[in-house]
């Protein structure tokens, strides 16, 4: 968008104000926000997350993904959790989410347990931040202190979800742009993509890659994945494959080793190691797991700072699926 010289100072002032608002909101978050109002919060949440992962290991990746998909759409405000009603359209049926995001029943269980411990105190947005950390830790990844103090949105945007969450068909420039839009650098983007060291993807997400791509995919890997993902759409669409071929239920740096070997499952995965500006980060993380862990934690905290509702903005939902 082009602006005339006369408008430039106004535009710059607007950008400064927006940035100050983002900074001031995230500055109100703190790691000890509930230390007095809900002292048993962390143990209450983690025990429920642990139980869910014990029942189904994949759930750890699903819970982590909820935080990503929430934060990328108008900030980390719990809007993803709102159900559709006759008069309200939420984000669950947006293209990146429908038949894809999962774990909402686990959120219900956690919220119920937290409400018993400290009624009306802890937001659903903060619960998403905590379970993302807990899932990573339970599956063998790094630990960090979660910044808290977010409040819950009263609105949601299916349109923003459709436009803000990068699809698995994204190329590197599109990925960089999507992450940049929420204040994350290329380095942050590569580190956060390492979350694909756990979890699974549906055949519909990687069918085009394993059948149509040749230059940046290991042929034996493609053949292996084709066995459970038929070429024709409508056949085996929901069949699952691990995002990390080697250790699909352990949070480690094998995802990056896979990329170096041209064994990224999604097109968007392999774009991180395809002769572009992200290659150096991928190679570094493939050789240095501690570097990956450190940068992942930094990027998770940074993502969690994205446009939170604080103070008197938003609300503390009683039920994460609906507004009060």
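From the backbone N, Cα and C atoms, a Cβ is placed for every residue, glycine too.
Now, the feature entries from TrEMBL:
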BINDING   166  substrate binding site
BINDING   196  heme b binding site
DISULFID  38-118  disulfide bond
DISULFID  71-76  disulfide bond
DISULFID  124-320  disulfide bond
DISULFID  203-229  disulfide bond
SIGNAL    1-27  signal peptide
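In this structure, the C-alpha atom of residue 229 (disulfide bond) lies 46 angstrom from that of residue 118 (disulfide bond). Proximity of residue 76 (disulfide bond) to non-local residues of its own chain (separation of 6 or more, Cβ distance below 8 Å) is seen for 67, 70, 125, 128, 129, 150, 303, 304, 305, 306, 307, 308, given in sequence order. On a Cα basis, residue 124 (disulfide bond) lies 14 Å away from residue 38 (disulfide bond). Rounded to a whole number, the distance between the Cα atoms of residue 320 (disulfide bond) and residue 196 (heme b binding site) is 26 Å.
Cα distances from residue 71 (disulfide bond) to the disulfide-bonded residues 118, 124, 320 are smallest for 124.
For residue 320 (disulfide bond), the nearest neighbour among the recorded positions 118, 166, 203, judged by Cα separation, is 118. Taking the Cα of the residue listed as 'substrate binding site' as the reference point, the closest of the disulfide-bonded residues 118, 124, 203 is 203. Listed disulfide-bonded residues: 124, 320. The one with the lowest count of other Cβ atoms within 10 Å of its Cβ is 320. With respect to their backbone Cα atoms, residue 124 (disulfide bond) and residue 203 (disulfide bond) stand 31 Å from each other.
Ranking the disulfide-bonded residues 38, 71, 118, 203, 229 by the number of CB atoms within 10 A of their own CB puts 71 at the top.
You'll find the Cα of residue 118 (disulfide bond) roughly 42 Å from the Cα of residue 203 (disulfide bond).
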